Amino acid sequence: MQTHKAKRVVITIEAIMQKRLTDILEGAGVTGYSILPVLGGSGRSGAWSREGQVSRASGMVQVICIIKPERLDGLLEAVFKVVDKHIGVVTIADVEVLRAERF
Amino acid sequence: MGEILALAADNLLSPLILFFVLGLAAAFARSDLTFPEAAAKAMSIYLLFAIGFKGGASVVAHGIDGGLILSLLAGALLSALIPFIAYALLRVMTNLSTIDAAAVAGHYGSISIVTFVACSTALTGRGLDPEGYMVAVAAIMEAPAILSALWLVSRRAGGSGMDGDLLREILLNGSIVLLIGSFLIGGITGDEGLEKIASFIVAPFQGVLCLFLLDMGLVAGRGLRESGKYLNRGVFIFGMIMPLVGAILGLVIGLLLGLSVGGVALFMTLCASASYIAVPAAMRVALPEANPSIYLTLSLGITFPFNLTIGIPTYIAVASIFAGG
C-alpha cells in the first residue's frame, strides 16, 4: 500500500499551558492533534503522580500532532514560544501515513 | 491560655484532624493509599458547592447589612497587602531569590478554601456561626494576592507578567465560579432551597470533608517527603510565623468591622491561610522560573497542617477573648 512521509511531533507540557499550546498550534495551521493525560513520571524535580493532585498546576499532558515535513520548522518556532520558559519536552519523529491529504 | 489548650486538644481529637493525620502518616509510611484524581476533584466540587450554597442561604436568613460590603473591601485589601509583608519577611528570613520569594508571598495573600471550611465546621460545632457572607469574602481574597506577587516581580526582576488569558483564568477559575455561583443560588432560594437539598449538602458534609482531608494529608505528606529538601530552616519557620502575622491582621480588621466571634475567627483564618490551588496554577503560567517545590510544599506541607492543628483552635480562642466580651 502507498504510504507518505510525515513528521510526528509530541509535546509533553504542563496541563496549565495546554490551551496556550493548542491555540499556538491552531494559529500555525495545525488543526489536527490529540491530547493525552500523563499519569505521572519523574524529572529533574523528582517523581510525581497525577493522583492526589489538588491543583491544575502540577499535572502534565501530551499533545501529539502529525504534519507534513515542510511545515515542521514553522510549527516548532511557534511551539517554542510556549515551551521556552516552561517545563516541556518536544520530540520529533519520522513516520509514514496512509492518507497524506489529512495532514 | 487554658482555654486555648482545651480548644486545641478538642480540635486535635476531631475526626477531621485525625483523618488528616492519618493521610500524613500514610504518606510518610509510603503506603499505596491514593485517591484517584477524579474522586479528589469531585469531593472539592462538592465542598465548594455546599459551603457556597449554605453561605448564600445564611445571608438571606440573617439579612444583608453594611458589614458585607466593608468585609469584602477589607478582604480584597488584605489579600493585596499581605504578599508585601510576606515578601519583606522572606527577604529577611530566607535566602530565596526575588522570584521565589514573590511567588511564595502571593500564596500567603490568597486563601485556602479547605482551611476556611475546616474552621467554619469547627465554629458551627461550637455554636459560633460566622456571618454567611464570609464565603464571599473568601472568594474575593483569592485573586488580589496574585496581582501583588506579579507586581513585586515585574518591579524587581522583570517576570513574564500578566496577559488576558491569565487574568481570565485567575478571576474565573473553577473554584471561584462554583463558590460564588452556589452562594448566589443559595441567596436566591434561601432557607426553602436549602431545605430541599439539605439531605445532600448538610448531613454528608462532615463525612466528605473527612475523606477530603485524608486526601489532603496524603498530598501534604508526599509533598513534604519528596520536596522537603527545598525548604531550609528559615523557609520552614516562615511557614509557621506568617500565618500568625496574617491572623493578627485579620483579628484587628475583624474587630474594627464589628464581626461576630465566629466571623473574627474565620477572618483570622482566611488571612492566616495560604493558597495551594488557585495561586500555584497562576504562578506556573506567570512565573515559570519560580520553583513550585518551594511554594507548594510551604503552603500545603507546612502552613496548611499548622493552621489545621494549632492555628484554628488558637484563632477561635483569641477571637472569643477579644470579640466575645
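Yeah, the Cβs are placed from backbone N, Cα and C, and that goes for glycine too.
According to TrEMBL:
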type	residues	note
TRANSMEM	B:12-31	transmembrane segment
TRANSMEM	B:43-62	transmembrane segment
TRANSMEM	B:68-90	transmembrane segment
TRANSMEM	B:102-123	transmembrane segment
TRANSMEM	B:135-154	transmembrane segment
TRANSMEM	B:166-185	transmembrane segment
TRANSMEM	B:197-214	transmembrane segment
TRANSMEM	B:235-257	transmembrane segment
TRANSMEM	B:263-283	transmembrane segment
TRANSMEM	B:295-323	transmembrane segment
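As a quick check, the transmembrane segment (B:68-90) and the transmembrane segment (B:263-283) clear the bar of 3 or more Cβ pairs under 8 A, pairs 6 or more apart, so the two touch.
With pairs at least 6 apart in sequence, the transmembrane segment (B:295-323) and the transmembrane segment (B:235-257) have 3 or more Cβ pairs within the 8 Å limit; the two touch. Spatially, the transmembrane segment (B:295-323) is adjacent to the transmembrane segment (B:12-31); three or more Cβ-Cβ distances between them are under 8 Å for residues at least 6 apart in sequence. Of the candidate ranges B:12-31, B:166-185, B:197-214, B:263-283, B:263-283 contributes the most Cβ pairs within a distance under 8 Å of the transmembrane segment (B:102-123). The stretch in closest packing with the transmembrane segment (B:12-31), judged by the count of Cβ pairs under 8 Å and taken from B:43-62, B:135-154, B:166-185, B:197-214, B:263-283, is B:197-214.
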